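Student: Questions regarding the structure given below will be posed in turn.
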Amino acid sequence: MLMLLVRGTHYENLRPKVVLPTPLVGRSTETFVSEFPGPDTGIRWRRSDEALRVNVGGVRRQLSARALARFPGTRLGRLQAAASEEQARRLCDDYDEAAREFYFDRHPGFFLGLLHFYRTGHLHVLDELCVFAFGQEADYWGLGENALAACCRARYLERRLTQPHAWDEDSDTPSSVDPCPDEISDVQRELARYGAARCGRLRRRLWLTMENPGYSLPSKLFSCVSISVVLASIAAMCIHSLPEYQAREAAAAVAAVAAGRSPEGVRDDPVLRRLEYFCIAWFSFEVSSRLLLAPSTRNFFCHPLNLIDIVSVLPFYLTLLAGVALGDQGGKEFGHLGKVVQVFRLMRIFRVLKLARHSTGLRSLGATLKHSYREVGILLLYLAVGVSVFSGVAYTAEKEEDVGFNTIPACWWWGTVSMTTVGYGDVVPVTVAGKLAASGCILGGILVVALPITIIFNKFSHFYRRQKALEAAVRNSNHREFEDLLSSVDGVSEASLETSRETSQEGRSADLESQAPSEPPHPQMY
């Protein structure tokens, strides 16, 4: 039912209030808002020219409808044009009906830049936000790259492309080596698995003792013993290659094969053999203990250091299996068995990689190679191109001199040695043209190798400092937080750690909001 308000007639208590569809003669048009619009009235829930009150992370401002109407595609522009309160609530995080204020749980610093955008139509990059956080905020408020000012657009695009590797050029940045809280949280989550496990408290202590050399005095002693065994195994392998041991074992092997017996029982020196058995027993103890104490079996087999431990003992057991398989097939098969055993013995060299568990530098080197595959690929490409070019030139200049440059593939060795500036001197050019080609090859190698090596070195420095910082953070966390867990009940669950993690994140968000710019006593109009 349509009701009209006539001049001189007061209907203050009449509900619902409605919009006057046709202005009276002699009166200016005025729009009134219905407090309780009916379902069929089609009346807007707020005036179209009403200022928009917003609260972004504690910063309160008022934006005029005229400023928002210039950018109807943005989030605030769509909020201003919302036809109903339900539609408006979908665009904000909360709405205060009493104050008619919209709340957004977003970065307050970016919001101040957003206000500047509504005034000028240009968005400027904020140095206080990383490029990805800035992009997320811009996407949330409905701004694209076209909204960026011309003075900031090129810089933003450049930072977005170089941000993942920004520490390559500025590796001395303190924040670049700070350990990520998620990395420490992953360790805590792994240890939380012991809460529901059998003998979880004891297993947790033993696991920290074996995995973290700085956890306690027993862990330091265990690390020293492990390093000593690895070094003893490597020393025994090197001593075994000395000529006197080779001659003695070769004579014993010939006698054993002639007698139709396996040469494996007499080839090794008794002292070296006992030392090898002791090292194998220790390595097997380490692998089995870590497997039994690991919080997650799947993660155990995915860890590179654990795979190195398995490879270090695998040749010994493969040799035993080969001896059992061929032990009853006569002396003729012992020759084939010897070749297999030699291959397995060669795999013992991987034991030196066990030192990576106790060396921050080796772990940093592995991380560097893992994250430098692009640079390594570029280096190999440069070397391949240079070797191919200079090998062809050297072959053309030296093929008539009979000094080792007979074919282009034969010149590849010379090109590789020259470009890497090693210079063995086994093959050298003798003609003037060949020497000029060699000079160009050496100079080109210096330039080509130096370019990627600098980037790889910066990455190694970054990962080394980051690894040291992470170890210190985890060690401090172990001594403080994990000791509290150990002294408490064993019913520590992953859910409790997730709750604590969310609490810490909320605390960080609160700190961020507390750092927001101070707001004026009353909302300002834009």
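The backbone N, Cα and C atoms fix where each Cβ goes, and this holds for glycine too.
In case it helps, Swiss-Prot gives these features for our protein:
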| type | residues | note |
| --- | --- | --- |
| COMPBIAS | 499-511 | compositional bias 'Basic and acidic residues' |
| INTRAMEM | 409-420 | intramembrane segment |
| INTRAMEM | 421-428 | intramembrane segment |
| REGION | 491-526 | region 'Disordered' |
| TOPO_DOM | 1-217 | topological domain 'Cytoplasmic' |
| TOPO_DOM | 240-270 | topological domain 'Extracellular' |
| TOPO_DOM | 294-304 | topological domain 'Cytoplasmic' |
| TOPO_DOM | 323-337 | topological domain 'Extracellular' |
| TOPO_DOM | 359-373 | topological domain 'Cytoplasmic' |
| TOPO_DOM | 396-408 | topological domain 'Extracellular' |
| TOPO_DOM | 429-435 | topological domain 'Extracellular' |
| TOPO_DOM | 465-526 | topological domain 'Cytoplasmic' |
| TRANSMEM | 218-239 | transmembrane segment |
| TRANSMEM | 271-293 | transmembrane segment |
| TRANSMEM | 305-322 | transmembrane segment |
| TRANSMEM | 338-358 | transmembrane segment |
| TRANSMEM | 374-395 | transmembrane segment |
| TRANSMEM | 436-464 | transmembrane segment |
Student: Cβ pairs under 8 Å with the transmembrane segment (218-239): which stretch of 271-293, 305-322, 374-395, 436-464 has the most?
Tutor: 271-293
Student: Short question: which residues 6 or more past the ends of the transmembrane segment (436-464) have a Cβ under 8 Å from it?
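Tutor: Counting only partners 6 or more residues beyond its ends, the transmembrane segment (436-464) has Cβ contacts under 8 Å with 167-169, 171, 176-177, 360-361, 364-365, 367-368, 371-372, 375-376, 378-379, 382-383, 386, 390, 393-394, 397, 415, 418-421, 423, 428-429.
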Student: Can you check how the pLDDT averages out over the topological domain 'Cytoplasmic' (294-304)?
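Tutor: Across the residues of the topological domain 'Cytoplasmic' (294-304) the model's pLDDT averages 83 on the 0 to 100 scale.
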Student: Which residues of the same chain, at least 6 past either end of the topological domain 'Extracellular' (396-408), have a Cβ under 8 Å from a Cβ in it?
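Tutor: Residues 414, 426-431, 433-434, 437 contact the topological domain 'Extracellular' (396-408) from elsewhere in the chain.
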Student: Sort the residues of the topological domain 'Cytoplasmic' (294-304) into helix, strand and coil with DSSP and give the three counts.
Tutor: 7 helix, 0 strand, 4 coil
